[in-house]
Amino acid sequence: MTIAPYRDVLRIPQVRHALIFGIILRTPMAASLIALTLHVVTHLGQSYGKAGIASMALTLALAVSNPWRGRLVDRQGLRRTFVPSLVVLPLVWSVAPFLSYWPLVAAVVVAGLFQVPIWGVLRQMILHAVPEQQRRSALSLDSVATEISFMIGPAIGVVAASALDTRYVLLVLMWLGVLGAAAMWWMDPTIVSDAPAQDSTQSSSTLAPARSWFSGAAVAVLAMTAATTVILSGTDVSVVALLRAVGEETGVAVAMAVWAFGSLVGGLLYGMWHRSVPAHVLLVALALATLPVALTSSTLVSSLALLLAGFFCAPTLTATTEELSRIVPERSRGEALGWHGSAITGGSALGAPVAGFAIDHAGAPAGFVAVSVAGLLVAGAALVVLQARRRSRSVASARASRPPARVG
């Protein structure tokens, strides 16, 4: 296990560009989510519940937008897809921070629907630039860069929104995202190979079969993606509840930082590993590693348990992206990766209430158990679907290789 795989992929200019763009675009996004919450609570004087409604509205809009705009990238190309966003987003975010609560929620929904498909495009850049044997290392680097963005971003959002006028904090953060998207539009990276010319009967070739990738195997991978983030967001809530229950609320930040560090290290190690690990295996490992956190009762022990669980966070998400990229043809990756982003978003939105329900009825440890069991069930179901796919492909291959029967 060496750093050679990373050295090799970092020599590829488009991979370097994708990683840099990833940090530039994702960090303000991560910061803006917490800044939006603090803006609603402090500047608008609303409750945390209403702040949650605003965040949920943005989350749902993004969940709709990701596959829709990802498909537009497949059909129209990056530049044509980005143009409406680069017109609408500057207008919306120049006004939204200065609106009252309900108009702000409406503006947030519009912005979410026109958000540039960052997650899918960045991964398309990487997948197009590297050969298949280097995908795991390249995607692991992207996961690590994402982890860094979501470690730094919320901290920036909290500090800025606490020290400055939240209206201008939101304005600057959202405009940074717009400027990053404009830079990507100007650069226009290659994200798909030049397709061979199509005949007249296939003038809509990339449109008609666009849904052909949506197989049982693809659904299984998307379900595992959602289950992964159910575990992650459910663990977030459960850690807070657990440490509050033992009177160690101040330890929450420490425990979360250790957990994120474990994920970062796990992502780096996975990228250096000599072969891929199936996503369902990593999902099972993540679920089983999360269960012991339920048995802890102090910041120190919880942090150690979370360190172990963290090792499987980034690798599991990397593995789902890797598997989806193998299943889906290149011409449909934009839409597929958009659905992957929606699965991440949807799982994140679902995990907190699942854990919260368990915590309310059975105590803080039940939150970890609930999301871990959900992950195990999804991994088991996905394994059944993927094995059925392998069997059907083996049968089809055997039939294709069988010599034709003689006549007479």
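Heads up, the Cβ atoms here are built off N, Cα and C, so glycines get one too.
TrEMBL entries are annotated by machine, without manual review.
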Between 47-65, 123-141, 294-312, which stretch does TrEMBL give the note transmembrane segment?
47-65
CB contact flag for the transmembrane segment (213-232) and the transmembrane segment (47-65), at least three pairs under 8 A:
no
Surrounding residues of the transmembrane segment (365-386) on its own chain - C-beta under 8 Å, 6+ positions past either end:
216-217, 219-221, 223-224, 226-228, 230-231, 234-235, 237-238, 241-242, 278-280, 283-284, 286-288, 290-291, 293-295, 351, 354-359
In the same chain, which residue numbers or ranges, 6 or more beyond the ends of the transmembrane segment (101-122), come under 8 angstroms Cβ to Cβ?
18, 21-22, 25-26, 29, 36, 40, 44, 46, 50, 53-54, 57-62, 64-66, 69-70, 73, 78, 81-82, 84-86, 88-89, 92-93, 95, 142, 174, 181, 184, 189, 191, 333-334, 337-338, 340-341, 344
I'd like to know if the transmembrane segment (337-359) touches the transmembrane segment (168-187) in this structure, counting it as a touch only when three or more C-beta pairs sit under 8 Å and are separated by 6 or more positions.
no
Restricting to the domain 'Major facilitator superfamily (MFS) profile' (204-408), what is the model's mean pLDDT?
86
Take the transmembrane segment (143-162) and find every residue of the same chain, 6 or more past its ends, with a Cβ under 8 Å from one of its Cβ atoms.
19, 22-23, 26-35, 38-39, 42, 169, 173, 257, 260, 263-264, 267-268, 271, 314-315, 317-318
